[in-house]
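Per TrEMBL, the features are:
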BINDING   Arg22, Glu84, Arg123, Lys458  (6S)-5-formyl-5,6,7,8-tetrahydrofolate binding site
DOMAIN    220-379  domain 'TrmE-type G'
BINDING   Asn230, Thr249, Val251, Thr254  K(+) binding site
BINDING   230-235, 249-255, 274-277  GTP binding site
BINDING   Ser234, Thr255  Mg(2+) binding site
Amino acid sequence: METDTITAISTPMGEGAISIVRLSGSEAIRVTAELFQGTNLLEADSHTIHYGKIIDPKTNDAAEEVMVTIMRAPKTFTREDIVEINCHGGMVAVNRVLEVVLERGIRIAEPGEFTKRAFLHGRIDLSQAEAVMDLIRSKTDKAMSVALKQMDGRLSELIGRLRQELLETVAHVEVNIDYPEYDDVEEMSHEVMREKSKEVHAEIEHLLEVAKQGKILREGLSTAIIGRPNVGKSSLMNTLVQENKAIVTEVPGTTRDVIEEYVNVRGVPLRLVDTAGIRETEDIVEKIGVDRSHQVLEESDLILFVLNYNDELTEEDEKLFKAVQGLDYIVLVNKTDLEQKLDMDRVNQLAEGKPVISASFIKEEGIDELESAIADTFFAGDIDTGDMTYVSNIRHIQLLKQAKQALEDAMASLEMEMPLDIVQIDVTRTWEFLGEIIGDTASDGLIDQLFSQFCLGK
Ligand code: GDP
Ligand code: ZN
């Protein structure tokens, strides 16, 4: 496939020790060699690194000290020649290098274009390409390990296996259609289809279940801190931010990128509502009523509801309890260093079995318990990404849901003892939806596959 040569800064913007300008394409090495003062890059072996200077050809000034990595096709990420120019930190240096590269007629890459090329050149499949995108955006180390696993092709592998199972199921149906005179074949086909469908259905459901956790890992648990004025919401927010270093992401080969609005609580990334948001939730019930505020709060994955131990339960507190009914929330009874005025029995009763934690944010008490409760609420303890294949991509989740629905249609037809060729239509749809996840669209449809794999001709 002929493509032009592209370039981009491939490290996050901002302060970092090293920034990289990456080039990919047939011109990558030639252009860099023209700008490079040092060894002759045209003769450099693949996967070697070279110290030297990038010069500005207009002025012949040595612009920047750099380390240049040469990677020759096809053993590269894009399967094209790749050059990485490692510059010293700071945006000035990297921008200057990028500028002289662009002046040589190299085009700036579109977002994700390196990955797109890897996909187009068959280096990775579609789900892997999407995983790279997720990796670039992932906010925590754990989210990253999920993305890395997907990139390794684990999701592709699993989807491939499920499709194979469906294919085998349909093979039975084909046999049945070909030899309708054998009654027991019909009987057997129904049985096999029922079993296989159930198996595949269970696996898809499991994938969808863990997808929720995957979404949380990737995007952070959107967390609202609510409570009456002065109960200690801001204090809680500050404590959480101080105790849990803001999340730091390390993409291989890049420098650290700090995202401050996220905190990492025992592997659960929380996206805390900013102070402005908190102000609003103080009188949210007052302003828009219990029902509407329930709707608003429903958009949060988690609600931290703060009460004052040193104050009696007010009507406003009761309204907040109504607004959070049925949602995921944790009650924090703050200011336990002061005299008790709060009716704890009543609080426990209103909390409907949700965690109620005694705390004193000022003394940093109750924070450990809160962190355990957060982890328990969502992951039944600390998350282990070790052997799970998460699906963390919206498109994949939608296709999985469609596949699940189609399979349920097939199962319903089976229950009603419908003819197998009717059932087969829905099984085929399931197979196609799953195929779209890994970018294997039904160009050569299920039946072609079937015949190429099972040679079912007479
Ligand atoms: P918010 O209005 O809900 O955000 O409450 P703040 O976090 O601003 O706290 C209100 C006041 O309560 C401040 O003066 C805090 O210092 C105080 N405060 C917060 N937590 C505690 C606590 O655990 N014990 C005591 N005694 N005071 C606290
Ligand atoms: Zn506040």
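Note: Cβ is positioned from N, Cα and C throughout, glycine not excepted.
Keep in mind it's a predicted model, so treat the numbers as computed, not measured.
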Report summary line: The average per-residue pLDDT within the domain 'TrmE-type G' (220-379) comes out at 78
**Report entry** Where the C-beta lies under 6 angstroms from ligand 2, the matching binding-site residues among Arg22, Glu84, Arg123, Asn230
**Finding:** none
Query raised in the report: Which whole-number value in Å describes the distance between the Cα atoms of Glu84 ((6S)-5-formyl-5,6,7,8-tetrahydrofolate binding site) and Ser234 (Mg(2+) binding site)?
Result: 45
Query raised in the report: Which has the fewest other Cβ atoms within 10 Å: Arg22, Arg123, Lys233, the binding-site residues listed?
Result: Arg123
Query raised in the report: In Å, rounded, how far does the Cα of Lys233 (GTP binding site) sit from the Cα of Arg22 ((6S)-5-formyl-5,6,7,8-tetrahydrofolate binding site)?
Result: 45
Query raised in the report: Do you know which of the binding-site residues Arg22, Glu84, Asn230 end up with C-beta under 6 Å from ligand 1?
Result: Asn230
Requested in this report: Pick out which of the binding-site residues Asn230, Ser234 has the most other Cβ atoms within 10 Å of its own Cβ.
Outcome: Ser234
Query raised in the report: From the Cα of Arg22 ((6S)-5-formyl-5,6,7,8-tetrahydrofolate binding site) across to the Cα of Asn230 (K(+) binding site), what is the distance in angstrom?
Result: 52
